[in-house]
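Asks: Take this structure first; my questions come after.
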Amino acid sequence: MLPGLALLLLAAWTARALEVPTDGNAGLLAEPQIAMFCGRLNMHMNVQNGKWDSDPSGTKTCIDTKEGILQYCQEVYPELQITNVVEANQPVTIQNWCKRDRKQCKTHPHIVIPYRCLVGEFVSDALLVPDKCKFLHQERMDVCETHLHWHTVAKETCSEKSTNLHDYGMLLPCGIDKFRGVEFVCCPLAEESDHVDSADAEEDDSDVWWGGADTDYADGSEDKVVEVAEEEEVAEVEEEEADDDEDDEDGDEVEEEAEEPYEEATERTTSIATTTTTTTESVEEVVREVCSEQAETGPCRAMISRWYFDVTEGKCAPFFYGGCGGNRNNFDTEEYCMAVCGSVIPTTAASTPDAVDKYLETPGDENEHAHFQKAKERLEAKHRERMSQVMREWEEAERQAKNLPKADKKAVIQHFQEKVESLEQEAANERQQLVETHMARVEAMLNDRRRLALENYITALQAVPPRPRHVFNMLKKYVRAEQKDRQHTLKHFEHVRMVDPKKAAQIRSQVMTHLRVIYERMNQSLSLLYNVPAVAEEIQDEVDELLQKEQNYSDDVLANMISEPRISYGNDALMPSLTETKTTVELLPVNGEFSLDDLQPWHSFGADSVPANTENEVEPVDARPAADRGLTTRPGSGLTNIKTEEISEVKMDAEFRHDSGYEVHHQKLVFFAEDVGSNKGAIIGLMVGGVVIATVIVITLVMLKKKQYTSIHHGVVEVDAAVTPEERHLSKMQQNGYENPTYKFFEQMQN
């Protein structure tokens, strides 16, 4: 009996442990729940040990539908009967959150609000009611709303009673993450002030992701998309700048670690997902609106000492409240006022008129990225503040214009629409100026690093005696500097092409020119190795591997950038295929001075490797696809033994042959199109002639047939035109020997 009772008590204690939180900092440790952060693998709570585990499949990231979240809960907890999901009330801190498609998981903590996976039949949460606090609840059977709605209802109800919302829970589920009521606990302000301060301190020390990006405005959504795309591009450039080139063997790992912090920051600012709650974001908007209102005494004449938040000063100030009416920027104490509106201070304090100008006037330095981020935040804060002010003015104007004529209302709406559009355009211009300035500074930094790397490389070559390993290390740094410039250019063009194809078409020639300069500069720098054949032969394999590794990434992007979209001329079968177009452009650059093969590794060094036909002939181009060619084996050394005149002849010959290739290619298309046009004209002429001939034949046949009918006569018979059809028919019958029996009968009687 006693062992059985012990087992029952143990089972009951285990079931209770699954419901009661054990650690407020880590969330509901033993309760089934999932957490998501876009760009990283989903996490779920291990109900056995209270720790967060990564996605079992290693592939799934943030989910944007409540149905999908419920299904995912059922997948990660197959042994539990998951019937519904609901957003948690408090955020949780998760360590070592793995990025998607990356093995390393050591990152700084992330704070997100998880989803609770509800097991079995719904049971409302048991709320603790501290001393001096009140337990309240609201139910509406005609309403089925989300967790966010009922949280707002509970908070406003507590605010009306001059109390703070301490805790709350959902009641009466009516759908996935939808309910018909809420239970909550309201506590006096003094009881909650410590909780508010500690929560603010925790948020200030952590990177909290609330599941949304910066506030969008309807008229500027497109500019926002462009800005986000450009910021992502700048992020990629800054990641490259953070690379540590000193470690030659483990450079890739160092670069990956350097990219980690900014990639996470980009994800937090640009990821838009519905996997975490928007409760706090909505509350922040309400707080910002409340704290931006002017203090109102109200219609009553009492003299009650209260506090309000002064936006211009960034602090709370006293005023006298009349006792009724007014607005919500009305607090009993200064501490409570600052606890509520303190979060508004950074936004308003940063929005100085010259916030962006300071960045533009300050020269770039090693902390360029940090300065750019601060300038961007100040710009967005200023824009949000100005838009909020316009929206408040618009709302007030609409209230005052309710009784005005329809034409006046329309004029008011048009005025504020134009004002909003003007602000959006101004903000877009400032963003563009900010990004362009940052891009220019990044390019300048890349140029400086490349110049320094080239100087070190040349110095290593000129050393007596030259050290092959040192030369290779300097060459490796120089090649990486060039490749960073190349990748930066390609990524910039890719982003521009995605957000503004017209602008991409305009800058395409500039991008191609810049890439040609990079290719030529690299070829000239690599040819310096030929001056020292011993060093070149010793590091040949390493250089081959270096160039192949550095070029693999950029070739695909370059091929996509160079390829033009096909244009239909009414007969696509006559146009060259996309593969042919890509191959032609890759093999025949714009000015014929280089090709992608010029950057491939070489396999021969020294003066003996110069081709015998250098003066009169250019090596034929391999027309196979790049994937089939592999590493080129054409010699690239011996340039030091070729005279300047010979180099000029080779370059001119190459230009002539490449240019000729372009001419022939286009002439074939033109002549082919002309042949097709002439064939179409001949076909049309033949068709018209055929129609005319057919018409003549038909008319001739009709006339012949008519003539045949009219020419059949057995004698001359005069027919009165006035006779009836019956008489005419009888006459024809008589012509053919027909005799009317009636007439014959009467003739016989007469005879």
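Note that Cβ sites are derived from N, Cα and C of the backbone, with glycine treated the same way.
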Asks: Suppose you had to name the range Swiss-Prot annotates as motif 'YENPXY motif'; which of 78-83, 138-143, 222-227, 738-743 would you pick?
Replies: 738-743
Asks: From Tyr115, Tyr168, grab the residue that Swiss-Prot records in the same Cu(2+) 1 site as His147, His151.
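Replies: Between Tyr115, Tyr168, Swiss-Prot records just one in the Cu(2+) 1 site with His147, His151, namely Tyr168.
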Asks: Scan 316-344, 432-460 against Swiss-Prot and say which stretch is down as region 'Heparin-binding'.
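Replies: The listed stretch tagged region 'Heparin-binding' in Swiss-Prot is 316-344.
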Asks: Of the candidates Cys38, Cys73, which does Swiss-Prot name as forming a disulfide with Cys62?
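Replies: According to the record, the bonded cysteine is Cys38.
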Asks: What is the interatomic distance between the Cα atoms of Cys174 (disulfide bond) and Cys98 (heparin binding site), given in whole Å?
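Replies: Cα-Cα, rounded: 35 Å.
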Asks: Cα-Cα, whole number of Å: Cys144 (disulfide bond) versus Cys98 (heparin binding site)?
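Replies: So the alpha carbons of Cys144 (disulfide bond) and Cys98 (heparin binding site) sit roughly 36 Å from each other.
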Asks: So which residues does the region 'Heparin-binding' (316-344) touch in its own chain, when a touch means Cβ under 8 Å and the partner is 6 or more beyond its ends?
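Replies: Cβ under 8 Å, 6 or more out: 159, 162, 189, 193, 196-197, 200, 284, 287-288, 290-310.
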Asks: Tell me the Cβ neighbour count for Cys158 (disulfide bond), meaning other Cβ atoms within 10 Å of its Cβ, over all protein chains shown.
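Replies: Step by step: centre on the Cβ of Cys158 (disulfide bond), count other Cβ atoms within 10 Å, giving 22.
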Asks: Hey, of the modified residues listed (Tyr336, Tyr478), which one tops the CB count within 10 A?
Replies: Tyr478
Asks: Three states by DSSP: which one describes Met170 (site 'Required for Cu(2+) reduction')?
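Replies: Once the DSSP labels are grouped into three classes, Met170 (site 'Required for Cu(2+) reduction') ends up as strand.
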Asks: If you compare CA-to-CA distances from Tyr478 (phosphotyrosine) to each of the disulfide-bonded residues Cys38, Cys73, Cys316, Cys324, Cys337, which comes out shortest?
Replies: Cys38
Asks: With Cβ-Cβ distance below 8 Å and at least 6 positions apart along the chain, what are the contacts of Cys300 (disulfide bond)? List them in sequence order.
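Replies: For Cys300 (disulfide bond), the qualifying residues are Gly322, Gly323, Cys324, Gly325.
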